[in-house]
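Before any comments, here is the structure.
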Amino acid sequence: MNPNCARCGKIVYPTEKVNCLDKFWHKACFHCETCKMTLNMKNYKGYEKKPYCNAHYPKQSFTMVADTPENLRLKQQSELQSQVRYKEEFEKNKGKGFSVVADTPELQRIKKTQDQISNIKYHEEFEKSRMGPSGGEGMEPERRDSQDSSSYRRPLEQQQPHHIPTSAPVYQQPQQQPVAQSYGGYKEPAAPVSIQRSAPGGGGKRYRAVYDYSAADEDEVSFQDGDTIVNVQQIDDGWMYGTVERTGDTGMLPANYVEAI
């Protein structure tokens, strides 16, 4: 349905319609309110939803107020109130170098996630410090205290020569050393003496390590998870004596770190 003209009230057809100032006009009816000069979309100026030309556009005027004692007092009072409020706000925010952030659901979720990550890291560090440098998978088997260890190590050192397996690796030195031979005036240097370690024997009981272990004393051996322990002899419920097949080292090892094959 075609609208009516805001000036003459007649129907405005699309071919002569001007849409401006929230109203519809005929092109001929869209003129200045004062001088009746026809206007267009480029040279009109609107005031109170009425078109004006540049020359007759209403100018805004300001009312002069006399500087009476009462007005001066109100002006001074307003300035004092502004200064008081400014100082109050300044003192209240003094020393605060942060801006207030709204506690939105997204920020609450991020804060909760950070707290969970901090708790996880704390528990990881706590478990590592409790397990020590030789921690394996899961909970580390508890070691006997130093008093229990010293109670059976002393008699073991006295009986150790009687319990060394016959197949334990020892350092052997060849009984016969090559003699330097001389040919005329030249003397051939003797070959260097080599110290060989005999391979561990395959007899006796065989165990497999289920945890990593670092030797805490000279009479103990170190091994890794998965190493094979051969020539194993049971000392008591907590300790064994055997040879690590991978390294050839022989000594004491905790019984709860290995399992029978």
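Using the three backbone atoms N, Cα and C, a Cβ is placed for every residue, glycine included.
Annotated features, as they stand in Swiss-Prot:
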MOD_RES   Met1  N-acetylmethionine
DOMAIN    5-56  domain 'LIM zinc-binding'
MOD_RES   Lys42  N6-acetyllysine
REPEAT    61-95  repeat 'Nebulin 1'
MOD_RES   Thr68  phosphothreonine
MOD_RES   Lys75  N6-methyllysine
REPEAT    97-131  repeat 'Nebulin 2'
MOD_RES   Ser99  phosphoserine
MOD_RES   Thr104  phosphothreonine
REGION    111-186  region 'Disordered'
MOD_RES   Lys112  N6-succinyllysine
MOD_RES   Ser118  phosphoserine
COMPBIAS  121-130  compositional bias 'Basic and acidic residues'
MOD_RES   Ser134  phosphoserine
MOD_RES   Ser146  phosphoserine
COMPBIAS  167-183  compositional bias 'Low complexity'
DOMAIN    202-261  domain 'SH3'
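Taking the C-alpha atom of Thr68 (phosphothreonine) as reference, the shortest distance to any of the modified residues Lys42, Lys75, Lys112 belongs to Lys75.
Ranked by how many other Cβ atoms sit within 10 Å of their Cβ, the modified residues Lys42, Thr68, Lys75, Lys112, Ser118 place Lys42 at the bottom.
Highest Cβ count within 10 Å among the modified residues Met1, Thr104: Thr104. Counting only same-chain residues 6+ beyond the ends of the repeat 'Nebulin 1' (61-95), none has a CB under 8 A from a CB of the stretch.
When the modified residues Met1, Lys75, Thr104, Lys112, Ser118 are ranked by how far their Cα is from the Cα of the residue listed as 'N6-acetyllysine', Met1 comes first. Thr104 (phosphothreonine) sits 21 Å from Ser118 (phosphoserine), taking the Cα positions as reference.
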